[in-house]
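Everything on this sheet refers to the single structure shown next.
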């Protein structure tokens, strides 16, 4: 039996454990009501990914931002003034067109059955797989929320958060320190803008080269050439240097060598309470744990049964 097969068995066992706290979600929820639900989402994500690989980290982050605001209820997808998607932390999210495309196809195949919240959870998993990460069984059965307020996004994790603040924000949703470090590892794919970390490179301190001392000195000049002090703040830089399109554990290796891009990411290595987890999450260990932590996160505050609704259009309440 291959190592990957063994890991998939472990993930199935872990999902079974997590489902006790799953508030009504379960793997295979649409097995009889919309048998092709997962395959339709998978094919849609793959089609968009083929023409634009950056859609994978976009969908993963969108799911994360959705779950951390009033639970995993697709409230991030709702259009309108002062909705979640208009809030500062969400302005650069992408992938809305992928979810809308999948929803159109699902409504044609199974009208009024598959929620936008489930589409987003499945698309996040499929994005990881498309970038060479391990798969995991996604419990489904979420319903869509009817409230989306920009003012509710204030507790989203931020790029300057201390480790203590990060831990508090994750603990509020039942996620422990291992989940925190693991889920931040999702930064192994994708990019960020210079405006979110450039302050670490110039006048951060009054000593040495002026940069954040937690950055590898040899890496500082490389980042400064990519993000000049008065350059374009919207320029995109890989969060996982050398491996931005591959879902792997190199993100943690970069943290260990002082090559974390975001201040909040690098702090996971410099803080003693999280350093051990950074050390552990390497190779296939990270892939298996990521699936487990994603299942926990994707069950935050889900609406099931008669709560919420099944939106006909993901961008609008029925």
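Here the Cβ of each residue, glycine as well, is placed from N, Cα and C on the backbone.
Keep in mind that TrEMBL annotations are predicted by a computer and have not been checked by a curator.
As annotated by TrEMBL, active site, proton acceptor applies to 65. The feature Ca(2+) 1 binding site is assigned by TrEMBL to 66, 69, 71, 73, 75, 84. The substrate binding site feature in TrEMBL is assigned to 157. What TrEMBL records for 187 is heme b binding site. For 188, 240, 248, the entry in TrEMBL reads Ca(2+) 2 binding site. Annotated disulfide bond per TrEMBL: 34-110, 67-72, 116-314, 194-227, in sequence order. Summarising the annotation, TrEMBL assigns domain 'Plant heme peroxidase family profile' to 24-318. Marked as signal peptide by TrEMBL: 1-22. The site 'Transition state stabilizer' annotation in TrEMBL covers 61.
Structural mapping of features recorded in TrEMBL.
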| residue | record | Cβ contacts under 8 Å, 6 or more apart |
| --- | --- | --- |
| 34 | disulfide bond | 106, 109, 110, 113, 114 |
| 61 | site 'Transition state stabilizer' | 93, 186, 190 |
| 69 | Ca(2+) 1 binding site | 75, 76, 84, 152, 153, 155, 156 |
| 73 | Ca(2+) 1 binding site | 66, 117, 142, 143, 144, 145, 301, 302, 303, 308 |
| 116 | disulfide bond | 74, 77, 99, 103, 144, 311, 314 |
| 188 | Ca(2+) 2 binding site | 239, 240, 243, 246, 247, 248, 249, 250, 251 |
| 227 | disulfide bond | 194, 197, 198, 201, 235, 237 |
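Apart from 188, 240, 248, the Ca(2+) 2 site neighbourhood in this chain, defined by C-beta within 8 angstroms of the site C-beta centre, holds 185, 187, 189, 243, 244, 246, 247, 249, 250, 251.
Within 10 Å of residue 65 (active site, proton acceptor), as judged by C-alpha distances, the recorded positions found are 72, 157; the full candidate list was 72, 157, 187. Here the C-alpha separation of residue 67 (disulfide bond) and residue 157 (substrate binding site) works out to 12 Å. All protein chains included, residue 84 (Ca(2+) 1 binding site) registers 27 other Cβ atoms within 10 Å of its own Cβ. Between the candidate binding-site residues, 71, 157, the densest Cβ environment within 10 Å is the one around 71.
Sequence-distant neighbours of residue 187 (heme b binding site) (same chain, six or more apart, CB under 8 Å from its CB) are 239, 240, 251, 261, 262, 265, listed in sequence order. Fewest other C-beta atoms within 10 Å: among the disulfide-bonded residues 67, 72, 110, 194, 314, that description fits 110. On the 0 to 100 pLDDT scale, the domain 'Plant heme peroxidase family profile' (24-318) averages 96 in this prediction.
Each residue in 65, 67, 68, 70, 72, 74, 76, 145, 148, 152 lies on the same chain as 66, 69, 71, 73, 75, 84 and has a C-beta within 8 Å of the C-beta centroid of that Ca(2+) 1 site, without being one of the site residues.
A separation of roughly 14 Å, to the nearest angstrom, links the Cα atoms of the residue listed as 'substrate binding site' and residue 71 (Ca(2+) 1 binding site). Between the listed binding-site residues, namely 66, 240, 248, the fewest other CB atoms within 10 angstroms of a CB are found at 248. Over all protein chains present, the Cβ of residue 75 (Ca(2+) 1 binding site) has 27 other Cβ atoms lying within 10 Å.
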